[in-house]
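What Swiss-Prot records for 637, 638, 639, 640, 641, 642, 643, 644 is ATP binding site.
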């Protein structure tokens, strides 16, 4: 049936055959069109009209959907963000000049991980393509999956950033998932050997889009050779990945995939950085969620996250780098102090900080501007934005060279100074491009007058052709002396010089006869012929020349892409340092001390996010942890009193400190933490068929299997999703395990309502009890938000229920039930004591199963005592030492009557 198709439809099917798993955007004049099943998909996803045109292979009417070519930046991101791949099939020649059907071809394939248009992702986020390589090593890991050796690479083609790492030790599967959570790639590619691993693919697909991709190489050795060719180096040792076999393989996979989709060399990807998970604090996906590092739990936006609380950066590069620093806090005390030195200097010098941030506000997204320039997707407005950005750099550089003292600031200044051509490039753009150019680079109007004599002449000809013809006619009259000479034009002969027969003897020798008429002859000269061509094509030539000039400028800029990217990174780092200094000064943060020991000492610590959102001030609290007496802090207290906030703020202060930020405290000393683990909140994983309790246990297993003596563990209510006996048993076992792990145990904060756990302080030497103080005022409960030593025996659940708006009838009934349970507990305890042994009756079992502690207990450790029952009040007034046996018996009968 192909003979029934038009030539254009045959082109479409050829493109579809080459890219069967990809939607085709097929350029037809002023539209991108799609046909068949692609059209149905596009119409549905973009909510546009589905029509029909022509016939398909079977002779049926062909479904059609199309969008205007100028609206592609609006529609394309919607498809990419839904996980589709889109092949852009462009017209490869001017339809006006085409002989026959217009040549068309796929010029790039846009996938989630290879998008370069800024409309497809936020300025503050990287758009990573992740490539994974590896193999099974046979044994089963702690989490139940097969142990693997993995190489991971992350490539952001919009900025040129390229990273690789490798995990060959135990727990590599969990480390892979942690990197996935931190880097948040838009797309992940796997070789066929790993794509067949359903466990791996399913876990990856929980967080990103997964594609199968087989690079066209024979193996790891060829991958290394291909990378050397791309980077124009003889060895990969300088990049630190020479011995990372799977890292190298994954790196080439990512690069080949990007080259295949973009159909160009990607020269701006000019270096590969190797990193190790031993360089950074590990924050897995659970911890990132629970601590709301870059996204909040409520709607996964960035408001009310740590990142948004600290992010007042001036540049997109700075926003992205700040996010990276928070996701990857450092482990090296020396490197952390380099950052802190720079922040301290900028915080202490407000004039320097103000000037730098003022200049930074002029800087646009240099990284992505350079990426678009190298890709050939930039327009003249991008060049103007780059020029304005480069104009600010010399002022920043000179200011730092003159005033900066911190090593990191001086390094930035020296790096900026090493790019000596920066002013020249800015000047080149400024001389050539108008200040407010049009969006299109194919329609002219972007090059300044005076930049090119040829362009000025073409423009002059195009706009002043009549004046030029009149001037030429007068010039020829004066030269020949023929007063009747005139210049004419027709579509057949073009421009000509007409001389009457009476003046034919005066015709100069350089006139060339074009046409003989009855009363006159028509001539042309080489100059007129040249001008005729210019006049007739002046506008087209002017537009073409403007594009040629624009292309020459972009090629010059592309040749400096590496230096421009390095400049962008230095500017971004400076932006983060200045931002952290600004936040520190505005919020009264202090410089933390970092140590190699296991101590954590925080005075007047505050939760950075909560502090920024609450009115009336935040109640600060101290934290003291070490490996001797304060390794495990057991925190009790009512719901809503602030236990979770207290635990989270401790972790956030440590993360901020190791990221290089000042912290919300009057004093902070942090023994470097290698991992932060959290078990907070209750979530069902319905998609995986996991209950709340199962999710809790999976997270707990990860903590117990992977936490080290340098880790920090936050546990909030272990065992809530099961029976009280089971929950308490698990919670107690966890405390003992973490306390006794290794020689010094693992630093942990554990918030619990299992008040019997507080007795562990007497049995385990490094467990310390703390509680959140509250105050009862009549029926009201006041949360003091202050953490104080000792345990509490009350949860104040009914008080909290009242605060939550539970109907008063329910509250009253709950109090009645509570008093009944307390009365049963007193009676059971009395009988137990009388029998001299523990009772195993139904009432005791039922009550203990619910509460696990004596609600009438008076341990003396609680700061706030609840209201006394009548029996308790009577007992409290008794002076047993002064009572006779008969009086005691009578009082006992009275108490029994009170109990009913």
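Even glycines carry a Cβ here, placed using N, Cα and C.
Owing to the predicted nature of the structure, the values given are computational and were not obtained by experimental measurement.
Neighbour counts of Cβ atoms within 10 Å were taken for the binding-site residues 637, 638, 642; the minimum is at 638.
Candidate binding-site residues: 639, 644. Fewest other C-beta atoms within 10 angstroms, 639. Taking all protein chains in view, 17 other C-beta atoms sit within 10 angstroms of the C-beta of residue 640 (ATP binding site).
For residue 641 (ATP binding site), the same-chain residues 6+ apart in sequence whose C-beta sits under 8 angstroms from its C-beta are 772, 774, 783, 785. Residues near residue 643 (ATP binding site) in space but far in sequence (CB under 8 A, at least 6 apart, same chain), listed by position: 635, 636, 637, 716, 751, 772. Report note: the ATP site is defined by 637, 638, 639, 640, 641, 642, 643, 644, and the residues of the same chain whose CB lies within 8 Å of the CB centroid of those residues, excluding them, are 751, 772, 783.
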